[in-house]
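Enquirer: Residues or ranges marked as domain 'EML-like first beta-propeller' by TrEMBL: 53-309. The repeat 'WD' annotation in TrEMBL covers 104-147, 409-443, 453-486, 499-531, 533-574, 575-612.
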Amino acid sequence: MAVETHGVPQLELEAVIGFNGHVFSGLRVHPDREHLIYPLGCTVILKRIKDGKQEFLHGHTNNVSCISVSKSGSYIASGQVNFMGFKATVIIWDYAQRTIYAQLLLHKAKVEALAFSPNDKYLVSLGGQDDGSIVIWNIETKQAICGSPASAHSAGHCLTVQYSNTNDNIFVSAGSGTLRVWELDLPNRKIRPTECNTGKLKRIVKCIEVAEDDQFILCGTTSGDIMKINLKTGLLSDCGPVKTKYSLGVNVIRILKSGNLLVGSGSAPIICSFFLLSYIREVQLEKGVTSIAIRGEGQQFFVGTEAAQMYRFNYVDFKAELISTSHNSAVKDVAITFGTSELFATCSEEDIRLWHIDKPKELLRITVPNMTCNSLDFMADGHSIISAWNDGKIRVFAPESGRLMLVIDNAHRMGVTAIAGTRDCKRIVSGGGEGQVRVWELQPRCHRLLETMKEHKATVACIKIKSDDKECVTASADGACIIWDIVLQMVIANTLFRTVCYHPEEYQLITSGTDRKVTYWDVYDGSAIRELEGSQSGAINGVHISQDGKHFVTGGDDKLVKVWDYMEGVVTHVGIAHGGSITSTKIFSNNQTLVSTSADGAILRWSSKRTS
């Protein structure tokens, strides 16, 4: 934890919407058959399949890059990425206690892959591109036994490791032009590799699956075929499919008890027969498949994709049931409905999604292909969602159906970057990339431009409107916050403003931005009243004040959610779970629920009951 938040009570994380679908084989089913295990940011999530109840394993300081579960289910191992020059942690978790069993620190910058030995004796860890080493750890003593470079100097980077199913001393590694079977020589504390012979085939192996009886290894390649290698001899025995390869490469393979294979390719999971590697059945999903997790004997299995979606399949009918959705790119903005604490909306790239606060499940998705939604807001009556888009258009949607109700073309020349609606629901205030602020009047089935204001010299980042609809404040990257009224007030600071909001009593403003400070301003004369050190590292991107005005919440590039006492100007609680920069924060009208969003697509719900 950062020094600045040391000793500060932590917020309680209630629910997470999100799944990092870019971690290969990141979605796992625990051997108890009751829990899904998957990463999001620097958190490992345990989700009960029956009712969706979530538990969280906190301990990583950066994004989780790989996950492995021991055969007995007693341990979970997770590795992370870190900055260049720093070591990346491997954490072994005690599953029963939900606590850290051991922290292992040897690899530089990234842990690429992890695998447990069949009897929970050892853990093998593979370092990333900047590390290039394989290390064997003794789980009982929590110490490294030995290590070795993962691949020969003439070969490329190693990408994956997999343990034998029957022997604690045998494991396999593979990658770009390298495929090795390793044997652990415990008395001499050495691991000795044997190169596998693939003949003339030159492949980049992305995934390995070892047969249950250890007779052979299956290797999925970026070329879209699967190599079958004899584990004892290290010789290639088969390769297929010969004609129709799997599009965009093979990302994951699982062997079923029946002898059939489940193959996850760059676009679809496919069942194929065992020896001929010919297709039997195929289902097309949204974006590439990166995880297949078999539950029990394989009658049911779960699939994770790059689109951050999770699907449940029954083997018999082989139909996909979508069980979880989330954003797979940075969440740009979050909006909450006026006067209630039930619904909120988020926008990311080309879609807007509507969520219910109690059930982290998507209620509605509105998609505008190939466009980016920069900002959104609910109208106070709840009858429409107004949104700002990079093609210079303002789009108004119905929140129940997602129907497009109104489009304002050419609203801003360099894209619409900020938006807000008045309480009477008759006007929209928008800001653009060119620095203009415009006021639009909404009429039945049409609109009218009322005012164009040209004070800002750079992108308008945030707009807030006073409750009487007679005044608004805009924050811009030009270092100015402007209060628009009959009398024009301006506050100027040496920062790129990211966010601004009114205190509920509307006599003061709060701003923040790239200077890492939170500043209170007097609305009447634009003078600075107070300046707080909001963060020790990185810009503050989101600020929101509770309806009673007692607390406000901030989030930014330091990945910490901070709840502040407004009068005292001190942090009362801190939330640690985000793996990416926080893009937006909101306090619901009940003053007890917080929502924060981040650049890795995560939406986190926190309980702040202790602060109310």
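Note: Cβ is positioned from N, Cα and C throughout, glycine not excepted.
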Enquirer: Can you tell me which parts of the same chain pack against the repeat 'WD' (533-574), counting only residues 6+ beyond its ends and a CB-CB cutoff under 8 A?
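Expert: Tertiary neighbours of the repeat 'WD' (533-574) are 1-5, 8-11, 41-42, 496, 498-505, 510-514, 516-518, 580-587, 589, 591, 594, 596, 598, 604, 606, 608, 610-612.
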Enquirer: Report, as numbers and ranges, every residue of the chain located at least six residues beyond the repeat 'WD' (575-612) whose Cβ falls under 8 Å of a Cβ in that stretch; write 'none' if there are none.
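Expert: Residues packing against the repeat 'WD' (575-612) from afar: 1, 5, 9-18, 20, 40-43, 56, 58, 60, 62-64, 308, 326-336, 339-341, 344, 346, 348, 355, 357, 360, 538, 541-548, 550-557, 559-563.
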Enquirer: Same chain only, please: residues at least 6 beyond the ends of the repeat 'WD' (104-147) with a C-beta under 8 Å from a C-beta of the stretch. Say none if there are none.
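Expert: 65-72, 74-75, 77-92, 157-169, 171, 173, 182, 184, 186, 189-191.
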Enquirer: Take the repeat 'WD' (499-531) and find every residue of the same chain, 6 or more past its ends, with a Cβ under 8 Å from one of its Cβ atoms.
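Expert: Contacts of the repeat 'WD' (499-531) (Cβ under 8 Å, skipping residues fewer than 6 from its ends): 461-462, 464, 466-467, 473-475, 481, 483, 489-491, 493, 537-549, 552, 554, 556, 564, 566, 569.
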Enquirer: Suppose you look only at the repeat 'WD' (409-443); what would the mean pLDDT be?
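Expert: Average per-residue pLDDT within the repeat 'WD' (409-443): 94.
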Enquirer: Let me spell it out: take the repeat 'WD' (409-443), skip the flanking residues so only those 6+ beyond its ends count, and list any with a Cβ under 8 Å from a Cβ in it.
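Expert: Cβ under 8 Å, 6 or more out: 374-381, 383-384, 386-394, 396, 449-465, 467-469, 472, 474, 476, 478, 482, 484.
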Enquirer: DSSP on the repeat 'WD' (409-443): how many residues come out helix, how many strand, how many coil?
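Expert: Final tally across the stretch: 0 helix, 19 strand, 16 coil.
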Enquirer: For the repeat 'WD' (499-531), what are the DSSP-based totals of helix, strand and coil residues?
Expert: 0 helix, 20 strand, 13 coil
Enquirer: Across the repeat 'WD' (575-612), what are the DSSP residue counts per state (helix, strand, coil)?
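Expert: The composition, in the requested order, is 3 helix, 19 strand, 16 coil.
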